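Here the structure comes first, spelled out in structure tokens, and everything after it is commentary.
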Amino acid sequence: MAGEFRWQAGRPDTAQAGGWALAHCQQRFLQDDNGLLFPREWLKRQDLPLLAEHGVGHWQGEPVYLLELDEPLELPGMAWTPLRQFMLHGDFDQFCMLGYASQIGIWARHNRFCGNCGTRMQALGHERVMQCPQCNLHQYPRLSPSMIVLVTRGDEVLLARSPRFVPGVYSTLAGFVEAGESVEQCVVREVREEVGVEVANLEYIGSQNWPFPHSLMLGFHAEYVSGEIVPQEDEIEDAQWFSLDALPPLPAQRSIARHLIDLYLARRSGAAEPVLPG
């Protein structure tokens, strides 16, 4: 987050008037030529298919509210922009705000009714939780921990591509932590499953919020130990060892995947180490 603290997550009271508003639906945000933040009272007069409203924080000291819509209604002079576009380009503080808002919107949408008894859930004002008034079930915003790892072998790195990637792009390996395992155990298991090799000497590098839709990426470097690359069917389209001076197209600069690669390059060359965004 930038030093000015332009964005701070929080829970502004929806009973209060005024403030800014974001309109969100299906991981897309409403935008016009002036940006994404609309005067809240004006936006609420636009006859939007409002599903829920949540206070999500403050932008430059002003309260920000999320209007979660039932469907992405088209409005003159406005367009719906996918969240991922803000991750790739523009103001990173703004992306942090949108990523948080998107996760809150999806959580609220998915927890309108109690999964235990079917009663409509209620948002509690003093903390970010949905509560069932019938059976007292509490549902907090979902967070899915996931490891992401750069496997190294001297001046080579192991990179892979999924069928879902942009054509030609290779990245680090990643996978969700399963119940009952540590993140370190997840690294070893996922590398073995995805490419068939064994790793050791894990080094934790850092973490990054990844709101697509609700992951927390925990980044590692790991050293190759043994095994030949065998890509996991249906998950890995291709995996190869790449020399540091002959790398393929890589992930976006702001991603933790790219940071893991750039950090290793800097360390091998003696250059200044990059800073992980976010």
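Cβ atoms are placed via backbone N, Cα and C, with glycine included.
Swiss-Prot lists Glu190, Glu194 as divalent metal cation 3-binding residues, and of the candidates Glu127, Glu235, Glu237, Glu273 the one it assigns to that same site is Glu235. For the divalent metal cation 1 site, Swiss-Prot records Glu194, Glu235, and the single candidate of Ala174, Ala179, Ala252 listed with them is Ala174. Record check: Swiss-Prot places Glu127, Tyr140, Gln208, Asn209, Trp210, Pro211, Phe212, Pro213, His214, Ser215, Ala257 at the substrate site, and the matching candidate among Arg45, Arg84, Arg164 is Arg84. Mapped onto DSSP helix, strand and coil, the motif 'Nudix box' (175-196) counts 13 helix, 2 strand, 7 coil. If you measure from the Cα atom of Tyr140 (substrate binding site) to that of Cys132 (Zn(2+) binding site), you get 12 Å. Other than Glu190, Glu194, Glu235, the residues of this chain whose Cβ falls within 8 Å of the Cβ centroid of the divalent metal cation 3 site are, in sequence order, Leu173, Ala174, Gly175, Val191, Glu193, Val195, Gln232, Ile236.
The two recorded residues, Glu194 (divalent metal cation 1 binding site) and Cys135 (Zn(2+) binding site), show a Cα separation of 42 Å. For Arg84 (substrate binding site), the count of additional Cβ atoms within 10 Å of its Cβ stands at 14 [all protein chains shown]. In this structure, of the binding-site residues Pro211, Pro213, the smallest number of CB atoms within 10 A of the CB marks Pro213.
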